[in-house]
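Colleague: The domain 'CBS' annotation in TrEMBL covers 478-538. Under the heading transmembrane segment, TrEMBL lists 21-41, 53-71, 83-102, 108-125, 145-166, 225-246, 253-272, 284-307, 314-333.
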Amino acid sequence: MTCKWLRYFKNDRDRRDLVTCGSAAGIAAAFRAPVGGVLFALETVSSWWRSALLWRAFFTTAMVAVVLRALIDFCKSGKCGLFGKGGLIMFDVTADYVTYHLVDLPPVITLGVFGGILGSLYNFFLDKVLRLYNLISEKGKTYKFLLAATVTVCTSCCLFGLPWIASCKPCPTDTEEACPSIGRSGNFKKFQCGMNEYNDLASLFFNTNDDTIRNLYSAGTDDEFHMSSILVFFAASYFLGIFSYGLALPSGLFVPVLLTGAAYGRLVAMLIGSQSTLDHGLFAVLGSAALLGGSMRMTVSVCVVILELTNNLLMLPLVMLVLLISKVVADAFNTNVYDLLVRLKGFPHLEGYAEPYMRQLSVSDVVTGPLQTFSGIEKVGHIVHVLKTTGHNGFPVVDEPPFSDSPTLYGLILRDHLLVLLRKKDFIRSCTSSTLNASKHFTHDEFAKRGSGKQDRIEDIELSSEELEMFVDLHPFTNKSPYTVLETMSLAKALILFREVGLRHLLVLPKSSKRAPVVGILTRHDFMPEHILGLHPFLFKSRWKKVRLGKLNVTSIL
């Protein structure tokens, strides 16, 4: 998208905002939870937040709600299939008036504790499975296809084979829904049963995820499902959700965990629900909250999403209690599923806090070299050589005599800007200060962020041998006020500055003026625990050993 009127999205900051608003819109559209979408983006997606991003995300989710409402009204005529049958509240199915007493707290606390354990185990197994899938996928597209086909066949065998072990149940007489439901979605699937009977396990497997969740959340359905059927469905959805994620096909994470949690809540209700006055459908809602809190470690956003899904504000205290308990329990074992996926992808994601061992280090302790710098007036051939041999994105510009009395840091120039200069070929023949008026030779659009797939590459720029011997004046295109820190600054403070301001480069200056004007440059990779502990392995034996690393990563570093 490179139209001129989209200039607001041609820089890194606005593109980050656009991605954040997109994630908020996705949650708002999938669960019809506008406020929950904003909180999801705030709590999980964004590394740093600002007031402008808040109203942008809120406006985005508000528009999602308006468009959904308009489409639902249009589809009420039946032209859109099952889409138009719901309102903005998807699961308005719990009891109208929820009452709970002190005697209900022990079962709810138990549900939260085991939900945290199950959530951490979910992340543990998912980590192992995704590592295996990565090894298989590296062998080629054929192996990726065979892997997806194998899991698909196994899933189909489970879905069609497991309902045969469930016994048939007679249709209830006090329900308004047709029983059995043939050729349509519903709570009562006939499967292999006779007329006026239904298979409760098939009713869970052969519905859409939305309908299955609605069935489990429904109030007054304590006797519609047998305990063995709920147990089988919970185990199947738990492990199938793990094995189906990461394949070369569209697969979700949020909804499968929501569905598995609902089955888990029903199972707990059947086991210890006799000690509580709560409905089994309410236990299903709390089970979803417990498993989401244990796997994804989200609290505020999940709480609001569930309340918007069910339209029952009376459940707020119980949902909050379950989420907090499950998150605290799961945090004792491993990290949340999103951090796990980011780590597997190799992305340098910065945590919102500084590890205690970072307080023992200064910025100079993690700076690695060699540092690539450019002069204010640099030879074209040297620029081309550095760009081809390094993958750095930013380069310090240093003025040296005769352009300054002593080596002085002039600023920072980006790789993209250097590529623009090389492509434009406005070179000078001698190493002297030019009288180039940058505003007349260049436009802002030339330095704007390009659309996906249209980035410049140094290999695509053709320069003659004569042009390689010429020079280019970098002064008009250099950022003269980059963020800088002294080499003696605490690494923990540098991390907070780097993350809170949303930086990509942080220049490190020397303590003494007799040294080079810049001693290093910090990026996200320099703040990663793997990098820091790889440089200073003695920190493993420190009494401040609070490192959130998996056992495999620690072993590989040592």
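Just so you know, glycine gets a Cβ as well, placed from its N, Cα and C.
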Colleague: Take the transmembrane segment (108-125) and find every residue of the same chain, 6 or more past its ends, with a Cβ under 8 Å from one of its Cβ atoms.
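Modeller: 238-239, 241-242, 257, 261, 264-265, 268, 272, 276, 278, 283, 286-287, 289-296, 318, 321-330, 332-337, 340.
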Colleague: Any residues 6+ beyond the ends of the transmembrane segment (145-166) with a Cβ under 8 Å from its own?
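Modeller: Answer is 133, 136-137, 191-192, 199-202, 205-206, 226, 228-229, 232, 236, 240, 243-244, 247-249.
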Colleague: Can you name the far-off residues of the same chain, 6+ from the ends of the transmembrane segment (314-333), with a Cβ under 8 Å from a Cβ of it?
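Modeller: For the transmembrane segment (314-333), the sequence-distant neighbours (Cβ-Cβ under 8 Å, at least 6 residues beyond its ends) are 94, 97-98, 100, 105, 108-109, 111-113, 115-117, 119-120, 123-124, 282, 285-286, 289-295, 297-299, 302-303, 306-307.
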Colleague: Summarise the model confidence on the domain 'CBS' (478-538) as a single mean pLDDT, whole number.
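Modeller: Result for the domain 'CBS' (478-538): average pLDDT 87.
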Colleague: Treating G and I as helix alongside H, and B as strand alongside E, what does DSSP give for the domain 'CBS' (478-538) in helix, strand and coil?
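Modeller: DSSP classes over the domain 'CBS' (478-538) add up to 24 helix, 12 strand, 25 coil.
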